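Lifted from TrEMBL, the feature list:
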ACT_SITE  Asp181  active site, 4-aspartylphosphate intermediate
BINDING   Asp181, Thr183, Asp569, Asp573  Mg(2+) binding site
DOMAIN    595-849  domain 'P-type ATPase C-terminal'
TRANSMEM  61-86  transmembrane segment
TRANSMEM  106-133  transmembrane segment
TRANSMEM  626-647  transmembrane segment
TRANSMEM  659-679  transmembrane segment
TRANSMEM  709-728  transmembrane segment
TRANSMEM  748-766  transmembrane segment
TRANSMEM  778-801  transmembrane segment
TRANSMEM  821-839  transmembrane segment
Amino acid sequence: TGTLTWRGNKYSLDNGKMLLRGCILRNTEWCFGMVIFAGLQTKLMQNCGKTKFKRTTIDKLMNTLVLWIFAFLICMGVILATGNTIWETWIGRGFEMFLPWTKFQIGTVFSGFLTFWSYIIILNTVVPISLYVSVEVLRLGHSFFINWDVKMYDCQTNTAAVARTTTLNEELGQVEFIFSDKTGTLTQNIMVFSKCSINGTIYGNFTLHLFQEQSCVDFSYNLLSDGAFKFYDNTLVEAVKQKDSAVQEFLRLLALCHTVMSEERKLVYQAQSPDEAALVTAARNFGFAFWSRTPESITVCEMGQVVTYQLLAILDFNNTRKRMSVIVRDAQGRIKLYCKGADTIIFDLLDPSSKDLMHTTSEQLNEFAGEGLRTLALAYKDLDEEYYDVWMKKFLFVSTVLENREDQLAALHEEIERGMKLLGATAIEDKLQEGVPETISKLNLADIKIWVLTGDKQETAVNIGYSCNMLRDDMTDVFVVSGHTLTEVQQQLRSCPYRHEGVTCSGGNLPLPNRSWAHALEPQLEIVFLDLACLCKTVICCRVTPMQKAQVVELVRKHKRAVTLAVGDGANDVSMIKTSHIGVGISGQEGMQAVLASDYSFAQFRYLQRLLLVHGRWSYFRMSNFLSYFFYKNFAFTLVHFWYGFYCGFSAQTVYDQWFITLFNIVYTSLPVLAMGLFDQDVNDQNSLRHPSLYKSGQNNLLFNKRQFFLCTVHGMTTSFLLFFIPYGAFSVMVKEDGSHSSDQQTFAVTIATSLVIVVSVQIGLSMHYWTAVNHLFVWGSLAMYFVILFAMQSDGLFGVLPNIFSFVGAARNCLSEKSVWLVILLTTAVCIVPDLFVRSIRASLFPTQTDRVHKSCKRQRPEEQNLRRACRTSSRRSAYAFSHQEGFGELITSGKNMRTSRVSSTCSYERTAPSSKWIENVIKRTNAVSCISFGSPNKQHQS
């Protein structure tokens, strides 16, 4: 609060005088203002939180493994250097006649030191430096696949899925917790008038019979109807045409009791909340069309007749009152109060004569709530002129009181609202986004826990939970924490039956309102709350601030060490999106702040299942197989030098020629492993969605971990051992066809190199689950490229051009022309591959994975899909009242500040506002001339 002094006058300042960022001033020629809370002091910036650098679990593991590999490299260098020192001491001196030391006196220890660094250089290929480049290429490719997925493209908004980062793709396959906003994320934030109860009669309660489609009400008779409005019960239209007094009063209330603004000359409504727009639109279609308003009047077209009501007062909505009322004077001079609000509040203010109707309506409200609809109770009251004058004097006096003004106004509002007569109730459906229940059901089957963090009230969030299958009627253990103090919340958390049973609750649910939530985040209770919440299948947190959303995500990240994903559509979700491991923004009705802060974005919540269960799982699967194979081939390639060191006097002599060492990771094996990392898939996208349990392997980190790394390195070391010793043993006894020995070093090198390329090519073929034309081209093309380059580099032509570089002329031709060499290569390949084939077969037969089971089930028959249809539930839980959860704009409307100057002149009387609706009569007259059915020609305008 504050005080503004302007030209000698003082004006009070409060929240009602504040304009938030992004507000638009309409019909305002000029104004004076002062900027406060700018820059970092704005609520938006304070709620955004710090931007964190996000790294995946595999990234962190890779860094650790590279350090291990480097330590292993050091160990191999020490072993070989020690061997060189021993060899030089005991054996090397016998070679002084060939390598005289007279000029270069060198100690054995220093020789071992030099050998250590020589082997560090030779064996450096075991450290996968190129791995990081390859991983980034794969991630870029996976991101393009997300961007190109037409099944994640929304035609209505022309919005495609966008991967705004390339570093988190495989993390999408390991998510355990999803934190979701409600409005605009799970719902469309579009309200639809679904049902109503008037004087105990339900309208809109229809049943679809088999092979019979319910027809929509035809509103073509109403010239002012909204073509987009749909209703499926003709009985309400018949009641309107028969001029049922209760129905007319009900619709008149909807047309008058609101703060909606309409654009001039056309019926386009601008409402504070979608609920109000839905109610006013419904009244419009049933013949009570709100047309325009001034600070002193409301113009309505009732059954074809233009009626202007004098607006005497607006008793606005707030979170304490939970209702809104207007006081108007009709054309006959009668004063009436119309009120709508939460049924629990309205029922306490009713006249005793409405007791029977109240019980009937209450049962109907329970039925509406059971369907997840947002409800309002409607009531009215006839006011005596004298009583109203007295009350208005009190109202004007209290409005200027400085102390306890709000409390005194609330008491005065309640005084005039007592003794109302009940009219009925409305039921509005906050439409879920398409596919939300099915998406949540599949994510639950994937063992992903979904927490809803919303700023809405508890009733709203709980009913949306039922609508989208997060809560079900078979979940009898819904545990609500509703304490108002720290002690109460602590007692409720510790008295939870799930905690005493000490078992995981498959049906437990935990709705938390705002005050309880604030206490649950206290340091002494956060662990208790987290343990309890993790036992539940669903957690719903209500009235949560943006910063509290970030706190709960950080709480789970810190203590559960699980991969978290946050999804939202508004600026209030930015802090949550930034705090989680993965942030997903939905481009909805609330701007682009969430999208700009997110890692991935799309238009509909239903695309989340495809992002996680298909792209996320594929990315994790491909990356895991890629890393396992990459480490395997590097160890198989490099450790041959280690075994060879024991037979070359630890002299740091390489087995392969330098060109093969250079081209092995760049040409011979780079493209096949990239193809596997880009295109491989164990099951297709349909089976990935049909079997959500496949996702659990990523959550449990089964495909690539330290154990898998150890197994693939042992596999690589074994392959390198066989690659060296099988040719070594064969060459020690093998002779050529002419009887000469084939024991030259280059022939030995070509044999091992050829065996190595064939083995790793066959191995990647065994590891690949999904073959494409690109995979075939890269795998077999790389193998063919090896032979082409091998014969080219050892050809006579290159030797003649560069004899110093390509000195092994004809070695490959002479070596590979021998049948015995090919037998050695075949034997080496078979010994390296057959054991792996045997292990794969035994494992698939005796220890099948979930993927193996899916493959078998797909071959036998199509698996039965879980019934994900929404079931109609009956519940006594009361639905949320259909209001925006903030203070209304009643004071702004009555002040006239949001209207044109010509319409708010202080000297303008009520009578002067009435002629503004004459043109409506002209429109109706012209349209009636060509209309087949109408309400009748408008009468002379009524004035009061």
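Using the three backbone atoms N, Cα and C, a Cβ is placed for every residue, glycine included.
Sequence-distant contacts of Asp573 (Mg(2+) binding site), defined by Cβ-Cβ distance under 8 angstroms and a gap of at least six in the same chain, are Asp181, Thr185, Pro546, Lys549, Ala566, Val567, Gly585, Ala594. Within the chain carrying the transmembrane segment (106-133), a Cβ under 8 angstroms from the stretch's Cβ atoms is held by residues 62, 66, 69-70, 72-74, 76-78, 80-82, 84-85, 88-89, 92, 627, 630-631, 634-635, 637-639, 641-642, 645, 650-652, 654, 661, 664-665, 670, all 6 or more beyond its ends. Of all Cβ atoms in the shown protein chains, 30 besides its own fall within 10 Å of the Cβ of Asp181 (active site, 4-aspartylphosphate intermediate). Tertiary neighbourhood of the transmembrane segment (61-86): same-chain residues 108-109, 111-113, 115-117, 119-120, 123-124, 126-128, 131-132, 135, 627, 631, 642, 645-646, 649-652, 704-706, 709, selected by CB-CB distance under 8 Å and a gap of 6+ residues from either end.
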